[in-house]
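Visitor: One structure is given below, represented as structure tokens, and several questions about it will come after.
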């Protein structure tokens with residue numbers, strides 16, 4: 001079962017005993033890869049020339065605290081000007097907006113703490129701040145040079161932080177910073193997304209250590225902001241009114257709820273006090289209109305009366321409201337009862353939208369931002385010219401120079417694996433540009449379908465019996481060709497309506513038809529029925545379900561039908577295709593389990609929903625079949641809390657499926673940012689070891705722990721136009737880079753395993769945090785690339801290895817398992833646990849998959 005080609009691997013090094021306080025250190029790069037044909041590339045990294053000087057680090061303490069960074073920057077700017085003669089002289093300090101200030105020459109304050117008073121001219125009255133400055137340390141740029149050339153074991157974090165602050169100081173004052181990016185409203189042309197939102201374009205900038213050099217990573221980026229506009233217009237956009245005039249009566253409850261959801265948390269400024277445009281944060285929307293909403297008003301006589309908002313504005317501001325029938329915004333703190341009519345408020349400019357975009361907004365956003373690779377390359381070059389870092393006075397102060405040209409990199413295009421099919425002819429497919437064809441091929445192991453049912457939740461007048469009959473015929477024909485025959489007609493074919501009818505219908509099916517293998521469910525577009533079908537099928541009754549959109553039943557295409565079959569065969573226990581055994585890397589010579597892990601978090605702005613952790617494990621030698629485990633955990637918790645138990649379950653399942661104990665565990669971990677590497681590695685590596693030791697005292701398989709990252713800003717471009725692929729002119733599938741722009745000492749690489757269809761391809765970044773198995777660069781890169789070809793839903797290589805992709809699907813499916821029946825779909829609805837305060841145990845039970853589903857790839 002586990003025979004393969006090529007030389008045997010070095011035996012895994014026995015893991016050191018797990019010591020709680022021990023800091024695990026990522027392994028050094030073993031070598032550079034050589035496999036594949038070379039390709040000349042350019043990366044959006046710009047070489048930095050750094051002097052070998054010391055930088056002086058000071059800590060600032062600004063009172064009163066809690067000012068936004070923008071205000072802190074103004075305070076420091078005023079401070080440097082005001083105390084120029086006494087302290088700062090001609091120095092140009094840089095500041096991170098919080099506490100850290102850096103200078104190229106020491107300030108004449110020695111080691112003492114200095115207290116200063118700074119006045120900011122404000123609207124109405126000046127604001128006074130107390131600022132203390134204290135010396136922290138000398139940051140040596142010489143040490144950075146030593147680390148980059150390998151003379152020091154690790155790159156000193158504080159030097160990178162200092163350089164980052166230097167490079168970001170001026171852009172932070174010019175633009176709106178968001179994370180590591182800077183944005184600005186487009187001059188002259190707006191890019192509306194609807195619902196009061198618009199696209200802002202900007203750029204990402206970060207300082208990164210690489211082999212021999214520090215690099216500046218620059219990329220174009222875009223994000224959604226709220227449009228600066230009167231709140232009255234915002235209401236119209238959110239509630240789809242052509243103009244506010246069509247709303248002559250108060251808002252209905254559902255309109256008010258929708259409006260509240262959108263405006264809560266946003267900042268508004270008032271327009272009824274002349275130049276004094278005070279800003280407030282919205283905490284709620286009143287149930288009553290301005291004509292009826294009252295508040296306690298203290299009169300001159302000292303007595304308090306209830307006054308309506310409309311009356312108050314008429315008496316106090318001589319303003320007769322035009323829309324007294326509309327509600328008010330409640331602003332500031334809830335207990336303070338400050339109400340503002342909608343018509344005197346504007347949405348403040350420059351507020352980023354952190355709430356989830358609707359499907360329409362997302363597709364508009366993609367259309368507005370997708371750029372072919374050559375276009376993106378040109379835009380980045382333009383950006384560099386306009387940023388002109390070499391004339392930035394702050395960058396020059398520290399003696400830093402940045403090259404204007406992108407970095408030339410030599411990459412390699414790896415050979416794709418051969419894909420083996422089944423049937424009589426055992427056909428072999430060879431991917432070309434990450435794609436292959438299943439025509440005239442049969443599944444490696446097709447499942448025969450004898451008992452199946454159709455449930456149609458689309459209206460009968462739109463999806464007629466003729467449609468259903470023709471769809472069934474087409475499905476049976478393509479299934480025969482694919483080597484997965486459907487015997488006979490469905491045993492049941494009925495129409496149904498609404499999510500409430502799902503469970504009774506499925507119970508009836510399960511009890512009536514012995515050996516029922518599959519229920520095909522037809523849906524009329526986006527509907528809460530989907531979540532309910534998956535909840536009942538996956539967690540309550542343990543039935544295999546396949547949902548199909550009505551439009552794909554009314555008009556069948558070979559493409560949609562074969563996509564359905566790829567999914568159905570796998571859900572029922574079949575194997576679509578496998579990697580050609582003789583082409584696999586040597587790691588397959590002994591039993592090996594591939595694990596994929598991911599944690600998905602609820603959308604920002606939703607403080608109550610849990611995060612979901614999913615881990616999947618391969619269950620055969622191909623590897624093709626996978627088994628899933630899933631848990632709910634604390635909101636926004638990044639580390640997988642119950643990993644030891646999850647891995648233990650998967651190891652037991654692997655043994656049941658194969659009768660082998662894996663001698664190696666290859667763990668692909670998605671969704672971890674660089675700042676969390678150490679923490680995640682420490683906790684999760686120990687958890688995997690604990691899972692092994694709990695199974696058997698001396699069981700110590702070699703563990704390789706690899707973090708997969710897609711959310712980064714590295715982009716690669718072909719230098720030679722003839723190498724560009726497809727309409728978007730991207731790099732070829734299989735392009736790998738492990739030199740020049742990678743980590744100075746650690747084992748990491750970029751691999752673009754998919755063919756980019758729209759926009760510029762984003763290569764995945766792989767960082768090896770632990771490796772008992774002593775992989776060479778070639779072997780790990782080839783293994784990773786081959787695993788990107790084993791994703792069952794399509795006949796193309798995907799952008800990350802199948803196990804990591806499946807973990808993502810499992811976590812995503814668990815979100816649907818948590819959806820309350822009375823609400824709508826997983827995107828927009830409350831998840832159980834918020835609306836009715838379900839405790840952790842109930843949530844944990846809700847995502848637990850039924851015993852019969854557990855061993856299947858229900859998530860495919």
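Cβ coordinates are placed from backbone N, Cα and C, and glycine is handled just like the others.
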Visitor: In Swiss-Prot, the divalent metal cation site includes 598, 670. Which of 444, 467, 808, 817 does it also list there?
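Guide: The candidate from 444, 467, 808, 817 that Swiss-Prot ties to divalent metal cation along with 598, 670 is 808.
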Visitor: What range among 791-813, 837-859 does Swiss-Prot record as region 'Interaction with guide RNA'?
Guide: 791-813
Visitor: Region 'Interaction with guide RNA' per Swiss-Prot sits at which of 482-524, 525-567?
Guide: 525-567
Visitor: Which residue range, 640-650, 651-661, 673-683, 684-694, is the one Swiss-Prot calls region 'Interaction with GW182 family members'?
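Guide: That would be 651-661, per the region 'Interaction with GW182 family members' entry in Swiss-Prot.
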Visitor: Sort the binding-site residues 598, 670, 808 by C-alpha distance from residue 388 (phosphoserine) and give me just the closest.
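Guide: In terms of Cα distance, residue 388 (phosphoserine) lies closest to 670.
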Visitor: Write down the Cα-Cα distance for residue 808 (divalent metal cation binding site) and residue 701 (4-hydroxyproline), rounded and given in Å.
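Guide: Between the Cα atoms of residue 701 (4-hydroxyproline) and residue 808 (divalent metal cation binding site), the distance comes to 25 Å.
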Visitor: When DSSP states are grouped into helix, strand and coil, how many residues of the region 'Interaction with guide RNA' (525-567) land in each?
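Guide: Residue counts for the region 'Interaction with guide RNA' (525-567) by secondary structure: 28 helix, 5 strand, 10 coil.
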Visitor: Under DSSP, is residue 701 (4-hydroxyproline) helix, strand or coil?
Guide: coil
Visitor: Below 8 Å between Cβ atoms, which of the listed ranges 312-317, 525-567, 651-661 makes the most pairs with the region 'Interaction with guide RNA' (791-813)?
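Guide: Looking at each of 312-317, 525-567, 651-661 in turn, the most contacts to the region 'Interaction with guide RNA' (791-813) are made by 525-567.
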Visitor: Taking DSSP three-state, what's residue 388 (phosphoserine) in: helix, strand or coil?
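Guide: Going by the DSSP assignment, residue 388 (phosphoserine) belongs to neither helix nor strand, so it counts as coil.
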Visitor: Over the region 'Interaction with GW182 family members' (588-591), what is the model's average pLDDT?
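Guide: The average pLDDT of the model in the region 'Interaction with GW182 family members' (588-591) works out to 97.
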Visitor: Around the C-beta of residue 701 (4-hydroxyproline), how many further C-beta atoms are within 10 angstroms, looking at every protein chain?
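Guide: Residue 701 (4-hydroxyproline) is surrounded by 21 other Cβ atoms within 10 Å.
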